[in-house]
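> Annotation source Swiss-Prot lists anthranilate 1 binding site at G79, N110, citing sequence analysis. Taken from Swiss-Prot, the feature 5-phospho-alpha-D-ribose 1-diphosphate binding site applies to G79, 82-83, S87, 89-92, 107-115, S119. Residues or ranges marked as Mg(2+) 1 binding site by Swiss-Prot on the basis of sequence analysis: S91, E225. What Swiss-Prot lists as anthranilate 2 binding site is R165, and the listing cites sequence analysis. Annotated Mg(2+) 2 binding site per Swiss-Prot: D224, E225, in sequence order.
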Amino acid sequence: MEILLQKVYDQENLSKEEMNIIATEIFEGRLSKTKMAAFLMALKVKGETAEEMAGIAQAMQQVAIQVAFPAGTAMDNCGTGGDKSNSFNISTTSAFVLAAAGIPVAKHGNRSISSRSGSADVCQELGIDINLRPEDMTYLLEKVGIAFLFAPHVHPNMKYVMDVRKELGTPTIFNLIGPLTNPVHLETQLMGIYRRDLLEQTAEVLGQLGRKRAVVLNGAGFMDEASLAGENHYALYENGEVHLYTLRPEDVGLTSYPLEAITGGDAKENAAILRSVLEGEPGAYLDTVLLNAGFGLFANGKVETVQEGVDLAKDLISSGLAKQKLADLITYQKEVLAK
């Protein structure tokens with residue numbers, strides 16, 4: 001262990017297997033807080049590689065509480081957060097559109113860290129219970145096609161790093177790997193990331209973690225979502241290869257809006273925005289969800305282009321199917337809680 005830590009202190013890269021060894025020590029509570037802090041900061045200064053990101057993500061998944069679901073059928077669309085945009089809950093809203101398309105969505109998320117309302121906060125405001133058992137999450141995925149997976153419940157071993165992360169007060173590798181560690185075995189994924197320089201690398205990591213197809217995007221304004229404010233950069237992983245692209249809202253028939261047009265509020269305000277979008281209320285909120293749902297449908301392979309994804313998302317919202325998914329989730333959740 002000391003030899004591996006020294007490699008990082010000396011600015012040497014670790015293999016996936018070496019990183020897995022260190023991460024396992026962390027997640028099993030055997031690495032002291034002092035050594036953990038030194039390791040995380042040395043890794044940050046050196047710069048995290050794809051192998052290192054994959055190694056720590058695999059170790060985190062190995063100790064996670066597993067949620068049973070047929071491998072390769074579900075997807076996730078959560079992002080890293082940390083873009084400081086104070087936007088509404090875009091990926092949570094988009095998740096209901098993806099589910100309405102017949103894609104099982106295992107929505108991995110947490111409470112607010114840097115924004116006023118995280119996905120868990122808005123879900124609770126909507127009446128969605130975030131404290132369900134793994135078998136209940138499986139039931140909802142099967143019956144409704146969408147379930148919320150509260151990160152602290154499915155990753156209890158993260159308790160060993162919470163104090164150190166808080167004390168450091170700066171982003172570390174843990175800010176990047178949250179969306180990589182869904183306890184449901186995914187085959188496709190849409191992942192927003194706040195660092196544009198890591199698009200290609202993160203797409204490679206998703207491939208190493210078993211994704212067949214994935215899109216990693218960084219929106220205009222360096223958002224961890226697709227944005228209407230300008231050029232969106234994204235990496236497509238497919239067939240073992242990564243290709244980089246850009247897309248503007250006008251390319252898919254959507255109107256440009258400044259970032260301020262999609263500012264969110266607290267959980268109550270964001271829940272109201274989510275409902276208004278699923279009702280089809282025109283404006284920047286709706287168009288932002290159309291763009292992000294379009295990317296999600298494209299990442300899943302449900303459509304061949306983002307344009308087709310945007311068009312399908314419009315139909316799923318205007319038909320009421322996306323809104324019905326939210327209603328169904330709450331209805332079937334009552335069955336679970338009554339057991």
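Every residue gets a Cβ built from N, Cα and C, even glycine.
Remember, it's a predicted structure, so these values are computed and weren't measured experimentally.
Please situate the listed features within the shown structure.
DSSP classifies N110 (anthranilate 1 binding site) as coil under the three-state reduction. Same-chain residues at least 6 positions away in sequence with a Cβ under 8 Å from that of N110 (anthranilate 1 binding site) are, in sequence order, G118, S119, A120, F150, A151, P152, G178.
DSSP assigns G79 (anthranilate 1 binding site) to coil in the three-state reduction, placing it in neither a helix nor a strand. Within 10 Å of the C-beta atom of G79 (anthranilate 1 binding site) sit 26 other C-beta atoms, taking all shown protein chains into account.
Cβ-based neighbour count (10 Å, all protein chains) for E225 (Mg(2+) 1 binding site) stands at 31.
If you take the C-beta of R165 (anthranilate 2 binding site) and look for same-chain residues 6 or more apart in sequence within under 8 angstroms, you find L40, T172, F174.
Around D224 (Mg(2+) 2 binding site), a 10 Å sphere centred on its CB holds 26 further CB atoms from the protein chains shown.
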> Looking only at DSSP and grouping its letters into three states, which state does S87 (5-phospho-alpha-D-ribose 1-diphosphate binding site) belong to?
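Looking at the DSSP assignment, S87 (5-phospho-alpha-D-ribose 1-diphosphate binding site) belongs to a strand.
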> Which one is closest to G79 (anthranilate 1 binding site) in space, judged by CA to CA distance, out of the binding-site residues S87, R111, D224?
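The smallest Cα gap between G79 (anthranilate 1 binding site) and any of the binding-site residues is with D224.
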> Given the binding-site residues H108, R111, which one is most crowded in terms of C-beta atoms within 10 angstroms?
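Sorting the candidates by Cβ neighbours within 10 Å, the top entry is H108.
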> Note down the number of other Cβ atoms within 10 Å of the Cβ of S87 (5-phospho-alpha-D-ribose 1-diphosphate binding site), including every protein chain shown.
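There are 25 such Cβ atoms around S87 (5-phospho-alpha-D-ribose 1-diphosphate binding site).
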